Amino acid sequence: MEKFPLKGNREIAAEGNSYITAYQSVLKKSNGHTVNNSDSQYQEHPLAISSGSTAVTTSLTTPDDDEMIDITPRSSSSEIHQHSAHFSSYSRGSTADNSDMERGRDFHRQPQQPQQPQQRTHPHVPTHSAFGDILDEPHDDIPGIGQYDDFHTIDWQRDIARDRMRHRYIVKKRQDSLWDLVKGAHDAWSGWLCVLLVGIAAGCVAGMVDIGASWMSDLKHGICPQAFWFNREQCCWPTKQSVFDEGNCSTWKTWPQIFGLNREGTGAYIISYIWFILWALLFAALSASLVRMFAPYACGSGIPEIKTILSGFIIRGYLGKWTLLIKSVGLMLSVSAGLTLGKEGPMVHIASCIGNIFSHLFPKYGRNEAKKREILSAAAAAGVSVAFGAPIGGVLFSLEEVSYYFPLKTLWRSFFCALIAAFVLRSLTPFGNEHSVLFFVEYNQPWIFFELIPFVFLGIMGGIIGTLFIKANLWWCRFRKFSKLGQYPVMEVLVVTLVTGVICYPNPFTRMNMNELIYLLFSRCSRADVSNPLCDYTRMNITYGATSIEVTQPGPGVYRSIGLLLLAFFLKLALTVFTFGMKVPAGLFIPSLLLGAIMGRIVGIAVEQFAYSYPNVWIFTGECVTGNNLITPGLYAMVGAAAVLGGVTRMTVSLVVIMFELTGGVGYIVPLMAAAMASKWVGDALGRQGIYDAHITLNGYPFLDSKEEFAHTTLAADVMQPKRNETLNVITQDSMTVDDIEMLLKETEHNGYPVVVSRENQYLVGFVLRRDLNLAIGNAKRFIDGINGQSVVLFTSVTPSQNLGPPPLKLKKILDMAPITVTDQTPMETVVDMFRKLGLRQTLVTHNGYTCIFSMLGFARI
């Protein structure tokens, strides 16, 4: 990814204001060419906020609109609908796919025979919009109007207003006929149908990814000769063997056995070592090559980009079908390669791709970017739901961490989508057990008040570890981005995979799958569990008064396991720093949980031995006489996992819910909450940004964070562009020709232009977007006879008194007659809140109701 500064005055980006930036992130396309929007046709102003107060706006009397020439070609109603359908299907395809042909689409497609303009009659009362048009039919728009260019920000208010107009039209038409009533009903429940399809598809894709990743991960160790498509657990299901005890399973063959050797011995170890590394390199090479050749957007976690997209930014192809396919396949391969990454974060990206694709089946969402983001928010919830088997946590994750606009209706649909996805995933049972959660714990031991001290300690350590990881990962990603290392992504993946395989295989804890290791750390030791080295305890009974208490003395296996876990902790921490950000699908949830689980298990063992070594200490008075194990190290592993994940992502509520849904340990909500809050407080004290926000800043995405505070005391007049003594480019409502406007578009690069009454009388009439002007003028020149450079462009319906030249061009239809305005004395805190809460793209600044001192403001989200 590269950043290219846009042309224009960027002085307002100074003074340390993180919200006001004068650049826009420009990503490299899959064909290797960089898209630079410096072309005069579609360039946005770098600071595209226009200003104005609710000042005096002039509205002229409007005679019949039919007396003016409209720029929308029409001959008959059938041709109108045919042309609209042709364009809408074309734009939908370009949104859902990331091919270079569709990225370079031409919105001005010409029909075979341009039609002469004809008058039309309005069979019913028209609906007037804020944009000056008379909306008889929802599809009767200029082709391309309402769409957005790549790497541009949507106008939330404009899209929501268009949806309201469409809804009013449908409600009005329902009384006309039975067919209109059916169409109205379909429009009402289309959102529920869409999220239903998204949930079903997300559950199916997640089940296939889980099953495929499990099979390929076990393929590095051996194969099931009777049924090669079985993983080790399925192949050895009748024996119920442990992950540390492969010898009890006769149906599963390791690679030394395939070559005629025994399971044990030096030769068997060397062969297993080599095959482990070779399979890992093969899987990693395939994953990186697929991403590089077919879908460059399929790399990484995807959550920073999803957050940016849900805030209103357009990244064509990031949620396309090729990205969905390659990310699903590449995720299985990268997880199977043994890299220190997880598949839970990328599942949010995969589910969002599914939501984007299905939204195009419903024009209500596919043709309205603001409405589409309601489906994407629900899809993000389904992604977490299928990643962990935690539907409620998924909804809260979408609300707390990902979504920018989350109305109550979206909350209901997100809950429904996550429910359907979890149900489908449960039907596929990819976790290989009777539970629908990933790390089910089979204990429910009570915890005592004293344990809050080590729980808070784990939270503090989680915040410190999370902050250290964020800073180290950002340093490495920045080095990768601005050095020659970024030019060799496949080679980097192979080197990291080779190093990971070489140093992880000798340690049995790092050799196994990370999900299995987390489950092992969460588990409670039982008398029958003799194969797990973490459960090498010597059990004895001691007398405490009149009661006999069982005491466990750790054996050599426990001490050896602690040493191996400490080594695994530092190895996994270092490897995660170098792995996250590579050009393969990679998530952070599982590595963060693993680091915290290792730390928590070690602390839990220490606290357990302290309690059993000093049972007479006052803090244990009355607690150790029950005859049961009091301290559960697996609980500490759960709390530690939540602490580190919270320190990395800075989640709180959704994190706690995900954790108790992950494990089924509802009784441990208070310890999880204590650790999550301590982790967030410490993390925020050391660094304000979580890993996802930090990567948004690193990549230069235009994201206006609603959680940050605006500390500056400036006014709108201090930061508006241009300044008071500079000239603002405006368009008059009835005195400029087509040549004049085209010259203005060529000489300037602003996102939009205010429309005023005249140069002498600069009362604000409305605001028109640059892109809409280009589309409308190009459309008119192609389809309307007589329109040339000398045609007067009218943003009003007043008929010219004398028109001796070519026919005028009426563009009132694209005029926003109700732009958001502020005065030049408005505090910037208020302006920032308007941008956050209303999702504005620009706002107009006026002085005393006049536009003579008139300027535009712009923020990073534009």
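From the backbone N, Cα and C atoms, a Cβ is placed for every residue, glycine too.
Note that TrEMBL annotation is computational and uncurated.
Here TrEMBL flags 50-62 (among others) as compositional bias 'Polar residues'.
According to TrEMBL, the feature compositional bias 'Polar residues' maps to 73-98 (among others).
Residues or ranges marked as compositional bias 'Basic and acidic residues' by TrEMBL: 100-109.
Here TrEMBL flags 110-119 as compositional bias 'Low complexity'.
Across the domain 'CBS' (733-776), the prediction's mean pLDDT works out to 86. Per TrEMBL, the feature domain 'CBS' maps to 733-776.
The region 'Disordered' annotation in TrEMBL covers 47-132.
The transmembrane segment feature in TrEMBL is assigned to 189-209 (among others).
If you look up TrEMBL, you'll see 270-291 (among others) marked as transmembrane segment.
TrEMBL lists 324-342 (among others) with the feature transmembrane segment.
Residues or ranges marked as transmembrane segment in TrEMBL: 375-399 (among others).
Long-range Cβ contacts of the transmembrane segment (411-428) within its own chain (Cβ-Cβ under 8 Å, at least 6 residues beyond either end) map to 191-192, 195-196, 198-200, 202-204, 206-207, 210-211, 351, 374-375, 377-382, 384-386, 389-392, 394-395, 398-399, 436. The transmembrane segment annotation in TrEMBL covers 411-428 (among others).
Using a Cβ-Cβ cut-off under 8 Å and counting only residues 6 or more beyond its ends in the same chain, the transmembrane segment (448-470) has close neighbours at 573, 576-577, 592, 595-596, 599-600, 603-604, 607, 619-620, 623, 630-631, 636, 639-640, 642-650, 671, 674-683, 685-687, 689-691, 694. Annotated transmembrane segment per TrEMBL: 448-470 (among others), in sequence order.
Same-chain residues lying 6+ beyond the ends of the transmembrane segment (490-509) with a Cβ under 8 Å from its Cβ atoms: 244, 273, 276-277, 280-281, 284-285, 287-289, 292, 337-340, 480, 517, 561, 564-565, 567-568, 571, 575, 578-579, 582-584. Residues or ranges marked as transmembrane segment in TrEMBL: 490-509 (among others).
Cβ atoms under 8 Å from those of the transmembrane segment (562-581) belong to residues 300-301, 339-341, 465, 469, 472-473, 476-477, 480, 496, 499-500, 503-504, 507-510, 588, 591-592, 594-595, 598-599, 601-602, 605, 691, 695 of the same chain, restricted to positions at least 6 beyond its ends. Taken from TrEMBL, the feature transmembrane segment covers 562-581 (among others).
Beyond the transmembrane segment (588-610), the same-chain residues lying 6 or more positions past its ends with a Cβ under 8 Å from any Cβ of the stretch are 301, 340-345, 387-388, 451, 454, 457-458, 461-462, 465-466, 514-515, 517-518, 521-522, 534, 552, 554, 558, 562, 565-566, 568-569, 572-573, 576, 579-580, 631-645, 648-649, 691. What TrEMBL records for 588-610 (among others) is transmembrane segment.
The transmembrane segment annotation in TrEMBL covers 630-648 (among others). Residues 441, 443, 445, 447-448, 451, 454-455, 458-459, 461-467, 469-470, 518, 521-525, 588-589, 592-601, 603-605, 607-608, 611-612, 620, 623-624, 655-656, 659, 663, 665, 668, 671-672, 675-676, 678-680, 682-683, 690-691 of the same chain, all 6+ positions outside the transmembrane segment (630-648), place their C-beta atoms under 8 angstroms from a C-beta of that stretch.
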Contact ranking winner - 270-291, 324-342, 375-399, 655-678 against the transmembrane segment (189-209), Cβ under 8 Å: 375-399
For the transmembrane segment (375-399), sequence-distant contacts whose Cβ falls under 8 Å of one of its Cβ atoms, 6 or more beyond its ends: 191, 194-195, 198-199, 202-203, 205-207, 306, 309-310, 319, 343-345, 347-352, 354-356, 358-359, 365, 405-406, 410-411, 413-422, 424-426, 431, 435-438, 589, 651, 653-654, 657-659, 661-662
Within-chain partners of the transmembrane segment (324-342) [C-beta distance under 8 Å, separation at least 6 from its ends]: 205, 208-209, 212-213, 216-217, 219-220, 276, 279-281, 283-284, 286-288, 290-291, 294-295, 298, 302, 349-350, 353-354, 357, 496-497, 500-501, 504, 514, 572, 575-576, 579-580, 584-591, 593
